[in-house]
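Residues or ranges marked as disulfide bond by Swiss-Prot on the basis of similarity to another entry: Cys137-Cys174. Annotation comment: Swiss-Prot describes Asn114, Asn190 as N-linked glycosylation site. Here Swiss-Prot flags 1-18 as signal peptide.
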Amino acid sequence: MLRILCLALCSLLTGTRADPGALLRLGMDIMNQVQSAMDESHILEKMAAEAGKKQPGMKPIKGITNLKVKDVQLPVITLNFVPGVGIFQCVSTGMTVTGKSFMGGNMEIIVALNITATNRLLRDEETGLPVFKSEGCEVILVNVKTNLPSNMLPKMVNKFLDSTLHKVLPGLMCPAIDAVLVYVNRKWTNLSDPMPVGQMGTVKYVLMSAPATTASYIQLDFSPVVQQQKGKTIKLADAGEALTFPEGYAKGSSQLLLPATFLSAELALLQKSFHVNIQDTMIGELPPQTTKTLARFIPEVAVAYPKSKPLTTQIKIKKPPKVTMKTGKSLLHLHSTLEMFAARWRSKAPMSLFLLEVHFNLKVQYSVHENQLQMATSLDRLLSLSRKSSSIGNFNERELTGFITSYLEEAYIPVVNDVLQVGLPLPDFLAMNYNLAELDIVENALMLDLKLG
């Protein structure tokens with residue numbers, strides 16, 4: 001019984017993927033989006049407008065009536081990472097509090113203050129999305145000026161100001177912090193939505209666990225879900241080595257790391273789109289695609305077809321495409337069959353001449369367009385060529401190496417590049433503009449150095 005339990009446990013462990021399929025590191029450059037969120041939401045001004053309205057259940061402030069808040073200064077936000085927690089936030093701002101004082105005259109208090117809070121970064125259990133939650137909000141008075149008469153007893157003035165401000169400001173400012181975080185959290189909303197890869201399937205960036213915070217950055221580990229249109233999930237291959245960020249990037253900067261295994265899984269969605277049936281006789285710089293041209297490389301073709309016939313070529317990718325990466329260079333490996341047919345008269349089906357198995361590599365260049373990862377390829381080299389069947393007898397397929405190489409370059413690779421124009425989706429978070437990113441091919445991964453512009 002114990003042995004059965006052990007076997008069951010081992011099978012569960014081996015079936016669980018613990019390694020992330022993509023990594024996102026957010027430095028302070030990106031997290032300063034909190035500043036823009038406060039600017040965009042105009043939350044302080046809105047809170048100030050609400051301050052003068054009677055709120056249900058709120059007791060009037062003793063000694064002041066007709067309370068209003070105006071002249072709210074543009075806030076300056078300072079952020080610091082708190083390891084294991086999230087972000088410590090300090091908002092420096094100023095405003096003017098007006099009203100009727102207990103002495104009967106108009107009162108004006110000019111306040112400079114700091115609002116501090118810890119924004120804990122969590123993973124929402126229901127949505128699986130990152131979420132900021134504020135805690136420990138405090139309002140610290142930096143400077144206070146008032147138009148109250150100078151002949152009043154200082155202790156009385158200070159006591160009144162202290163009582164008034166500590167009643168008004170926390171209720172005004174701390175909800176502003178929460179409201180800004182709600183605004184920021186909305187910018188995570190689309191992160192785990194399925195995004196299309198053409199019409200062949202979708203990619204979804206699923207957060208594996210709560211984001212990890214260090215003294216320099218926040219890291220998010222993703223387990224991307226690559227799913228075919230019919231619902232079948234494509235598993236990421238085992239990378240063999242743990243996915244880690246390379247050294248040498250500026251402190252406080254932000255990067256996205258996409259491993260070659262993940263890109264391979266995405267391209268597997270497009271495998272059938274790489275199948276082609278080419279019937280054109282004239283293609284680019286190639287000689288006419290006829291049996292006469294083919295006979296220059298295989299004399300047996302001239303014997304079987306004394307009169308020249310048009311050729312049709314069918315290429316099918318037999319294994320899922322595989323992306324590999326070494327520093328500075330990325331290759332796309334394609335294992336295919338290439339079958340050539342000769343046309344026949346009277347609407348008869350073309351006759352198969354031969355079937356080859358072809359393994360070749362394409363060099364890959366990466367770019368970003370409209371927030372999609374783009375790939376453009378060119379032939380690296382033809383790796384192997386083997387004959388599987390032939391209707392024209394035995395021949396030395398190596399004699400076709402130059403012919404097939406030119407054919408791939410002129411006829412097939414343009415088809416591959418057309419298919420790749422669908423683009424590969426990138427994580428949708430904080431309204432990130434990937435078009436500004438700098439791309440680097442590192443060991444086993446593609447690095448996007450994110451920029452705000």
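The backbone N, Cα and C atoms fix where each Cβ goes, glycine too.
What you are looking at is a predicted structure, and each value in this text was computed from that prediction instead of being measured.
Sequence features annotated in Swiss-Prot and their locations in the structure.
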{"residue": "Asn114", "record": "N-linked glycosylation site", "CB count, 10 Å": "16"}
{"residue": "Cys137", "record": "disulfide bond", "CB count, 10 Å": "18"}
{"residue": "Cys174", "record": "disulfide bond", "CB count, 10 Å": "18"}
{"residue": "Asn190", "record": "N-linked glycosylation site", "CB count, 10 Å": "14"}
Round to a whole number and give the Cα-to-Cα distance in Å for the pair Asn114 (N-linked glycosylation site) and Asn190 (N-linked glycosylation site). 33
Rounded Cα separation (Å) that holds between Asn190 (N-linked glycosylation site) and Cys137 (disulfide bond): 28
